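Heads up, the thing below is written out as structure tokens.
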Amino acid sequence: MEEGFRDRAAFIRGAKDIAKEVKKHAAKKVVKGLDRVQDEYSRRSYSRFEEEDDDDDFPAPSDGYYRGEGTQDEEEGGASSDATEGHDEDDEIYEGEYQGIPGAESGGKGERMADGAPLAGVRGGLSDGEGPPGGRGEAQRRKEREELAQQYEAILRECSHGRFQWTLYFVLGLALMADGVEVFVVGFVLPSAEKDMCLSDSNKGMLGLIVYLGMMVGAFLWGGLADRLGRRQCLLISLSVNSVFAFFSSFVQGYGTFLFCRLLSGVGIGGSIPIVFSYFSEFLAQEKRGEHLSWLCMFWMIGGVYAAAMAWAIIPHYGWSFQMGSAYQFHSWRVFVLVCAFPSVFAIGALTTQPESPRFFLENGKHDEAWMVLKQVHDTNMRAKGHPERVFSVTHIKTIHQEDELIEIQSDTGTWYQRWGVRALSLGGQVWGNFLSCFGPEYRRITLMMMGVWFTMSFSYYGLTVWFPDMIRHLQAVDYASRTKVFPGERVEHVTFNFTLENQIHRGGQYLNDKFIGLRLKSVSFEDSLFEECYFEDVTSSNTFFRNCTFINTVFYNTDLFEYKFVNSRLINSTFLHNKEGCPLDVTGTGEGAYMVYFVSFLGTLAVLPGNIVSALLMDKIGRLRMLAGSSVMSCVSCFFLSFGNSESAMIALLCLFGGVSIASWNALDVLTVELYPSDKRTTAFGFLNALCKLAAVLGISIFTSFVGITKAAPILFASAALALGSSLALKLPETRGQVLQ
């Protein structure tokens, strides 16, 4: 047995000696032909190979395969396991080399580094002679980030722009499309859902508010987590939350559960905008970033068009429904809610095929993962361009030194929920600290000014875009009221009413021994009238009231004439039998008004297409600030035309005009937000600003709609002032065109 171990050890030592001799001779031959080479990125020269000292030719006896034989003499050999025998620290193979990945620590000697400036002996993110991590200053950390930014930009240029970016463009576009759909879903289903769920005006207002509240929470939550856990992972989770609760909301029956599902659906989709733009920007080189981020904004418009088209095609089809008794009803509007979850589901499926952002990997010290993703980008684009032979030549990428990590505790420490609690608290503390750093000395001014721009833009845009349809409905109501027919002092005896009465007022009438059977009443009012010995059967009504009327010996059978419809009326010896079941409230239902909501939203969303195209083509030519300020000024000017909107067609045209000129400012604001913050704060800052945007939207909608039917001057003044303030603040921000991504 001992003889076998001795032979084995001798064989290993001989093989190692041969390998080292071959390595040294190869190095000498290469050095003779090419003594020194120069890095094309860093312009830095270094030796291709260097002699190595091999002091440890064989493992210590204490590393023995058999734990009890560690005291044997080295020459006897029984001191190595299958995992460690033949181990030489100088000849140790870097783990990633099994997959062809160069080591993060290999940039000091003999390897090519991608960089835009010379780096002195960078190894693993630390410069030569640098002190321990605890003594590192903010200036040194800033220097590292600047070096990484230049280096990363050079790598993206080598990877080129091609098939990989376009594939990711459509994948992330689906996620952005899901956000555009979410904004319109509740507004489209309310005319139909209000009867099924018996929604009062306050219930409808809360349902519209809860979506923005959920998106506000989601933007802040997922934006902060994406800087710590990764863009792709957080986007997958947020879209999954959105799709699951959107699916549930199409089946739940009660108002409370529907409200809860739409809240969590909004929380899920709230992460899409901050993560999508940050994620995509980290795969784009500087010369492509502004244009392609603007093209990406088109998917939000596509989401709005998709929602309007689906509402128009699905909701009016009452045959697309079924009922299980009187407790469970599934009408066509629920099919529409289900269909609106499709973009989110498709985005999840497509996103699983995409890699994590390599910039996130580098910011978190994951060199190997970043190198593999960038190699995938390079190889995909080169194959698509017909150059599969081109090799990804970058062998070292700078990584940022990590000063804080998630707290790890042993698996045998406490219970599983205690361990998860510790990790969650640690993660929450890091997210909160990262958020507070956006208000640190370096970024305080930028953050405060961006808050002002985001708030004013959102306040005016969302306020006006909701005010427009409300004004259109008000104009429709005014026109409808102008066509009301009035019947004063009529006397009707022994007549059977079995048809439809609409938009009528009957004053001072007398109805004696009349029958109202199968009657449909829509916007009908009876005032100061007498009903004696009358019979009402199977009567349905909406917006119908009896004011100051008297009913004598009258029977109501199977009607929906509930108590609140009799205003200051007297019922003498009158009987109500078997009232209709269902919602006792007046609802508008689906009809011409609902169709108008779909049509106006469809046109208003489609009208932003020209603005999207213009902003994409000019974003990198005129700059982000000029685009933002110019579009805001044009939007401000367009607000003054609102005073001329005295008809439906005029208001629709003004809505399209405002949407078309304001979209360019939104595109510029998205690009500017991405480029103003560094990679470790990008989604956190974007998420916070987007959450502020939703808060401003709620305020704008509440304030603007309160003036409907009262005055148009106040909304015009508020919107113009907000846009003017936003454009003036935007001009004080730094221009980011031509800058590398921090």
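Just so it is clear, glycine is given a Cβ too, placed from its N, Cα and C backbone atoms.
Annotated features, as they stand in Swiss-Prot:
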type: COMPBIAS; residues: 40-49; note: compositional bias 'Basic and acidic residues'
type: MOD_RES; residues: Ser80; note: phosphoserine
type: MOD_RES; residues: Ser81; note: phosphoserine
type: MOD_RES; residues: Ser127; note: phosphoserine
type: MOD_RES; residues: Ser393; note: phosphoserine
type: REGION; residues: 1-57; note: region 'Interaction with SYT1'
type: REGION; residues: 40-144; note: region 'Disordered'
type: TRANSMEM; residues: 170-190; note: transmembrane segment
type: TRANSMEM; residues: 206-226; note: transmembrane segment
type: TRANSMEM; residues: 234-254; note: transmembrane segment
type: TRANSMEM; residues: 263-283; note: transmembrane segment
type: TRANSMEM; residues: 295-315; note: transmembrane segment
type: TRANSMEM; residues: 335-355; note: transmembrane segment
type: TRANSMEM; residues: 448-468; note: transmembrane segment
type: TRANSMEM; residues: 599-619; note: transmembrane segment
type: TRANSMEM; residues: 627-647; note: transmembrane segment
type: TRANSMEM; residues: 652-672; note: transmembrane segment
type: TRANSMEM; residues: 686-708; note: transmembrane segment
type: TRANSMEM; residues: 713-731; note: transmembrane segment
Do at least three CB pairs under 8 A connect the transmembrane segment (652-672) and the transmembrane segment (599-619), leaving out pairs fewer than 6 apart in sequence?
yes
Let me spell it out: take the transmembrane segment (295-315), skip the flanking residues so only those 6+ beyond its ends count, and list any with a Cβ under 8 Å from a Cβ in it.
169, 172-174, 176-185, 188-189, 192, 276-277, 280, 332-333, 335-336, 339-340, 343, 590, 594-595, 598-599, 601-602, 605-606, 608-609, 612, 615-616, 663, 666-667, 670
Quick test of the contact rule: Cβ under 8 Å, at least six residues beyond the ends. What residues does that give for the transmembrane segment (170-190)?
199, 204, 207-208, 211, 215, 235, 239, 242, 246, 262, 265-266, 269, 272-273, 275-276, 279-280, 296-304, 306-308, 311, 315, 333, 336-337, 340, 343-344, 346-347, 350-351, 353-354, 597-598, 601, 605
With pairs closer than 6 in sequence left out, are the transmembrane segment (335-355) and the transmembrane segment (234-254) joined by 3 or more CB pairs under 8 Å?
yes
Quick one: average pLDDT across the region 'Interaction with SYT1' (1-57), no decimals.
48
